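Trainee: I am attaching a structure below and will ask some questions about it afterwards.
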């Protein structure tokens, strides 16, 4: 598999999925140029791997194999550029040489993976790769169990992960690695399995570069599940943030109807969820529940619907909700209670609301999300982008726009309006700023100017 990774990379594929032996593809003809080939799996070309010499071989075409490469949408990313991790500090390069030479090694790591080849007895063929290591080095990580009296360990991995185990073990020696996107999940899983926390954090950060590449959202959803399974809270939060910021696209993607209850519930708790308004959010949740049919228990439906912030639903939509909601009859009490709460929010003064012992300003129901429908948002059209580039290079000054909104989300203040001015000032040439203005029910604004984050679209 290490050599297969290089074959596929040389052919501009992200990586290798499998090696299939000649009986599946038949023999080929012609000269055999490379023999005794030994690749690490990270080389760009086969000719950069170790081999005897050009054309020197004792092989025959009975040993021919086929390589199945990953396509651009079958794994995590379309590109496979290398990222350097270096935490070696004062560690000697000789530690890497010790690992490469295997001199004095006293602990065998047997890496096993099931191939796609089926043996004569109908079982899958198991590919084994031995890695010789040193107990003294591995003893820093107790999960290797490299204690006295134990001389070996078996590690079961997927076939696509197998060639990257050597990179992982070498990192333990050197604290350095060249990581490709096609190897990042494998290395993250190995770091999680054996408690190598520093590598787990570093590879976890690389996932953020992968998130925008899959328009089907299958990768982002599967990475969220993987993050929950491995207990990586940073990766879990990055996945949730990306899905929250791109919620509308998620609801129109093939992955939408397959997301877990846990994922949908976590998204509904977030105030950075980007939606046109709260009523649109309610409609997406109702459609998800209807799509699932009887597979979603009533108490689970109730829990999801209770996370909708009914007081934030536009007042115009509240009256028709009873007639337009597909789940109103199934959860009548929940809808009626929340509609009452919403009506009170829209027609009562704050002093009256405070007198109700059930009212709390800390209740999430009275917190807004990021609403993109009018009147709470305005858009600077994308057609200004070329002008912006020209403007940044040739002008000093500001680009200005205005936003006219009610002073409060309550219907009582619909005609009491305030105008917000947004000024985009020309900064230094170091970076172009992103200016965010968020309006919240009490009529205050929070503004923040930060360098842009190119891996995430900005609403």
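Note: Cβ is positioned from N, Cα and C throughout, glycine not excepted.
Grabbed the feature section from TrEMBL, which reads as follows:
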DISULFID  8-69  disulfide bond
DISULFID  39-49  disulfide bond
DOMAIN    1-70  domain 'SRCR'
Trainee: May I ask for the distance between residue 49 (disulfide bond) and residue 69 (disulfide bond), taken between their Cα atoms and rounded to an integer number of Å?
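Mentor: Rounded to a whole number, the Cα-Cα distance is 19 Å.
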Trainee: Test of understanding: give the count of other CB atoms lying within 10 angstroms of the CB of residue 39 (disulfide bond).
Mentor: 21
Trainee: Could you list the residues of the same chain, at least six apart in sequence, whose Cβ is under 8 A from the Cβ of residue 69 (disulfide bond)?
Mentor: 7, 8, 11, 13, 14, 15, 16, 17
Trainee: Ranked by the number of other Cβ atoms within 10 Å of their own Cβ, which of the disulfide-bonded residues 8, 49 ranks first?
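Mentor: In terms of Cβ crowding, the pick is 8.
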